[in-house]
Amino acid sequence: LCSLPGKHVYGQQMPNISSVSEFLLLAFADTRELQLLHFALFLGIYLAALLGNGLILSAVACHHRLHTPMYFFLLNLALLDLGYISTTLTKAMANALWDTRAISYQGCAAQVFFFVFFIGAEYSLLTIMAYDRYIAICKPLHYGSLVGSRACAQMATAAWGSGFLNAVLHTTITFSLPLCHGNAVGQFFCEIPQILKLSCSDAYLREVWALVFSVSLVLGCFVFIVFSYMQIFRAVLRMPSEQGRHKAFSTCLPHLAVVSLFLSTSIFSYLKPPSISSPSLDLVVAVLYSVLPPAVSPLIYSMRNQELKHAV
């Protein structure tokens with residue numbers, strides 16, 4: 001009954017609900033020259049991300065001295081970064097090159113699934129990496145027993161698994177909602193908040209509860225990371241050796257910088273005041289949090305890491 005315009009159910013007029021076979025993504029530019037310019041810019045960023053993360057993968061995999069828990073987690077982070085940036089940027093480049101905005105319903109669902117999967121797994125992994133640094137600096141005598149090869153594999157599996165379960169939850173709920181407001185997504189990739197704007201006003205509450213659940217987990221991980229680094233900095237400042245303090249900071253600061261970049265861009269994107277929101281600003285912020293962290297994190301991790309530089 002809801003699919004028929006003008007139908008009344010129990011005295012109330014229901015909104016028009018249409019079946020959607022494809023979505024229309026937000027274009028970066030209207031002119032062909034600017035579209036090609038955006039394609040070239042994104043291609044350069046994507047190739048840089050492939051090169052940086054690929055070098056980290058090959059260095060950690062092939063260099064025996066880097067077969068340690070810290071570099072094992074860094075290898076997993078590089079894999080997630082490659083998937084993270086490939087989910088959004090490749091489709092944006094294809095649309096800019098072929099002068100189109102369309103993405104199929106199945107393609108949009110796949111994009112939402114993999115984006116939530118990679119971003120959720122990456123945040124879980126960053127939390128585990130904070131735990132790894134905490135044990136290495138605050139409890140070095142127990143490091144071998146607490147962060148052994150088996151424990152590392154279990155923690156990495158938990159990070160990937162949590163991202164998968166989170167992605168299944170959000171994708172299932174989001175794409176079970178009826179759409180009443182067309183098929184134009186106000187973003188350059190399929191983003192859950194933008195798809196919720198297309199759903200019926202009384203139907204999106206299920207996804208809101210799922211978002212509340214995810215936000216609770218994010219806040220829990222954030223508190224754990226902050227607590228870990230409070231203990232780490234307290235232990236580092238007590239070290240009598242300046243060389244020891246320098247080494248400890250060298251291993252912690254890259255991870256802290258990546259966490260700060262990852263969280264600051266994501267938080268600003270989703271929690272910015274509505275008064276400063278605009279389509280252009282939303283587009284720029286989405287590029288920052290979906291493209292910048294996976295492209296810049298290899299540079300951050302390799303900048304002060306001599307072992308990684310020598311291995312590369």
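One is the number of the first residue shown, and numbering goes on along the chain from there.
Heads up, the Cβ atoms here are built off N, Cα and C, so glycines get one too.
These numbers come from a predicted model, not from an experiment.
The domain 'G-protein coupled receptors family 1 profile' annotation in TrEMBL covers 52-301. If you look up TrEMBL, you'll see 36-58, 70-89, 109-131, 151-169, 208-230, 251-271, 283-301 marked as transmembrane segment.
The transmembrane segment (36-58) is not in contact with the transmembrane segment (151-169), judged by fewer than 3 CB-CB distances under 8 Å for residue pairs 6 or more apart in sequence.
The stretches the transmembrane segment (208-230) and the transmembrane segment (109-131) meet in space: the count of Cβ pairs below 8 angstroms, excluding pairs fewer than 6 apart in sequence, reaches at least three. Sequence-distant contacts of the transmembrane segment (283-301) (same chain, six or more residues past either end, CB-CB distance under 8 Å): 26, 28, 42, 45-46, 48-49, 52-53, 55-56, 74, 77-78, 80-82, 84-85, 88-89, 115, 187-189, 191, 254-255, 257-258, 261-262, 265-266, 268-269, 272, 308.
Ranking 70-89, 109-131, 151-169 by CB pairs under 8 A with the transmembrane segment (251-271) puts 109-131 at the top. Tertiary neighbourhood of the transmembrane segment (151-169): same-chain residues 69, 72-73, 76, 112-114, 116-122, 124-125, 128, 131, 210, 213-214, 217, selected by CB-CB distance under 8 Å and a gap of 6+ residues from either end. Note on the domain 'G-protein coupled receptors family 1 profile' (52-301): mean pLDDT across this stretch is 87.
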